[in-house]
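What follows is a set of notes on a single structure, which appears directly below.
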Amino acid sequence: MWLLWLAWVLAVAAGSSPTASPPDKASIFADLSAAELRAVRTFLMSRPELGLSPSRGGPLAKNTLFLVELLPPKKEVALRYLDQGGPRPRRQARAVVFFGGQAEPNITEFAVGPLPQPSFYRPLRFKGGRAVPFAARPMTQLEYELLHRTLAEATEPLYRLLRDSTGFWFHNCSRRCLTFSDIAPRGLASGERRSWLVLQRFVEGFFLHPVGLEVLVDHQDPDPRRWAVRRLWYNGQYFSSPQELAERYEQGTLAVARLEEPPSRQLFSSYEPRGSFATGTPTEVHGAKVCEPQGRRYRLRGNRLEYGGWSLAFRLRSSAGLQLFDLRFNGERLAYEVSVQEAIAFYGGHTPAAMQTKYMDAGWGMGSVTYELARGIDCPEVATYLDAHHFYDADGPVRFSNAICVFELPTGVPLRRHFDSDFQGGFHFYAGLEGQALVLRTTSTVYNYDYIWDFLLYPNGVMEAKVHATGFIHATFYTPQGRRYGSRVHSHVLGNLHTHLVHYKVDLDIAGTGNSFETMDVRFENISNPWSPGARRRVPPARVGSGWQSQAGVGDGCPPTTAPRQGGSLLPVPGDGPDPAPVARRYHLAVTRHHENEHSSSSIYAQNDPWEPLVSFEGFIRNNESIEDQDLVAWVTVGFLHVPHAEDIPNTATPGNAVGFFLRPFNFFDEDPSVASRSPVIVRPLDPPTFSRLEIQRWTPASPGPCVAPAPFAYNGTYRQE
């Protein structure tokens, strides 16, 4: 069986070229190619009944194709093909269309196929047959442009205030422009689309440069001419209109927050070096590097990845990120799917924007913002880099260069080792196996935050899912009242306290799809000592098992405490503002029966309508189905509480800001499967007690050889429609 290492057990019933063609079976899970994405768009644009227009430019009230990505085959169909020689599943796309140019706007999702030459489309239905309200749609580039225009016009009366207090403004600003960050959810009830906008100076790291003004814009109407500013907050006070705020400034009765002129170099929000370390040890030379002196020890063929005993198929879906399929060890399937589902962050604060912020990043295109990975920084120089194509709020596929990397990582700690001392100054033997893991990585830059997503495969049959949080903190303007909700990280900047939660889907198939769920409880026991009558002993923990026969959530109603790869957390209680029902935020672990209409725990619509979500995770576990000897899915939530501090300037660092979980074999193998590795070293003395001659056994070359110096650092950073 395999251990889902959050203190619970899921129990069961009983170096070559990376550019080869993909195996046929793995390719059923491969992302759509640029040609397939274009074919879907061409086909749908040609259907007169859909009335589609280009996404960019023009009015907001129009019908547009927003998202195209692979629609994976149903599990039953895929397994029949993978395991039983059944027919190959036909390749289809998921297409999301915004019908904004009609009397009752809505959002409809379609299955489009067969690829590569589509000839049909049909609507996809959500669980319960609910329609997607138009107000739940994610933001688009066009809506942001219109929002910027609305904000610039609305703040015209505030030109003098902004110029005098910040040195930046919106109108004819050239190099001294203001920008904004928008907050979600966008309102207080389903159907609303009212966004608080945090105004910031547009300098490097503008997220850390709020100017003290926040503006509430109502942009629910499809016609931007009817958008309006509803409220303003400036330096601790609320105002009903820009005119009221401007009048207060002109009358001299406004408490003005005057900001210092930002320096042209070494701005506190920049990465430019400043200061020095006390020891004087060198940092102007390169540090340690990863190298592959004798070539790659993994094989990458299309979307099929193989390493040691491991094999899997993977994709990078635009809606939510990395997704693994058909995860096997030594040819035996362990999981049908392991995937990222959602990343959310709940904030507290004194300003209206801060107290409203509850980010659900699938609603911001979390899987589509996979910008270029920098060689030697984001991944080792020797890694294999793969491009990704996304069709998200665009008029064609956009290629993101080097969006994924694969590399073997020296862990810096042996996988296992032992020194067998003779306790007389010598030893009987030493043996060790160097620690390595294969890493599959991508990143998501969701505006201010950068998530680094990793799946790690270890030679002993352990898989680790891990995410690091870095990037800029979500900051608001400092006021004395705000100190309750965070830390003052710079003169006018408050780092707001928040909780990160990340949700994963783990569809384990151990020895088939008929699995059961079991926990292992342990406790101390007070027993009679069998070899000393009359004495009693308190023995170490003994196993006490308890199983569940119906769908279960572990940690119901309780915030996360401590577990491996888990930090402390602060969660909202039901009824306290918008409840993140799409995410299993009350559970470390929930186990449900597999259902095709429960393929994801969240959706791209959850962010802008968390009050009546299209996907409600609570519904997954409230039907009281048996989970004994069934096809089961584990839903895992990990997270941490982030109390920002001065050391988050300029960016949050990765150490201490990583969470995840492990899949570990538990009596699944007869022994540690890493014994198949040819990388151990065994040392035995041949002439104890003198130890002048040693036998050194190894199954790899005696010397690893030199690391090859890579080419100079280069970076492009562009992502363009093809």
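Counting begins at 1 with the first residue displayed.
Backbone N, Cα and C define each Cβ position, glycine as well.
Taken from TrEMBL, the feature active site, proton acceptor covers Asp361.
Listed in sequence order, Ala345, Ala469, Thr470, Gly471, Phe472, His474, Thr652 are the same-chain residues six or more apart from Tyr449 (active site, schiff-base intermediate with substrate) with CB atoms under 8 A from its CB. The active site, schiff-base intermediate with substrate annotation in TrEMBL covers Tyr449.
Among the features that TrEMBL reports, domain 'Copper amine oxidase N2-terminal' is placed at 36-119.
According to TrEMBL, the feature domain 'Copper amine oxidase N3-terminal' maps to 137-236.
The domain 'Copper amine oxidase catalytic' annotation in TrEMBL covers 289-526 (among others).
Residues or ranges marked as domain 'Copper amine oxidase catalytic' by TrEMBL: 586-674 (among others).
Here TrEMBL flags Tyr449 as 2',4',5'-topaquinone.
The region 'Disordered' annotation in TrEMBL covers 534-579.
The signal peptide feature in TrEMBL is assigned to 1-15.
The stretch in 137-236, 289-526, 586-674 that contributes the largest number of Cβ pairs under 8 Å to the domain 'Copper amine oxidase N2-terminal' (36-119) is 289-526. Taken through DSSP, the domain 'Copper amine oxidase catalytic' (586-674) splits into 12 helix, 27 strand, 50 coil.
With DSSP classes pooled into helix, strand and coil, the tally for the domain 'Copper amine oxidase N2-terminal' (36-119) is 20 helix, 26 strand, 38 coil. Shown for the domain 'Copper amine oxidase N3-terminal' (137-236): DSSP residue counts in helix, strand and coil, namely 31 helix, 31 strand, 38 coil. Around Asp361 (active site, proton acceptor), a 10 Å sphere centred on its CB holds 25 further CB atoms from the protein chains shown.
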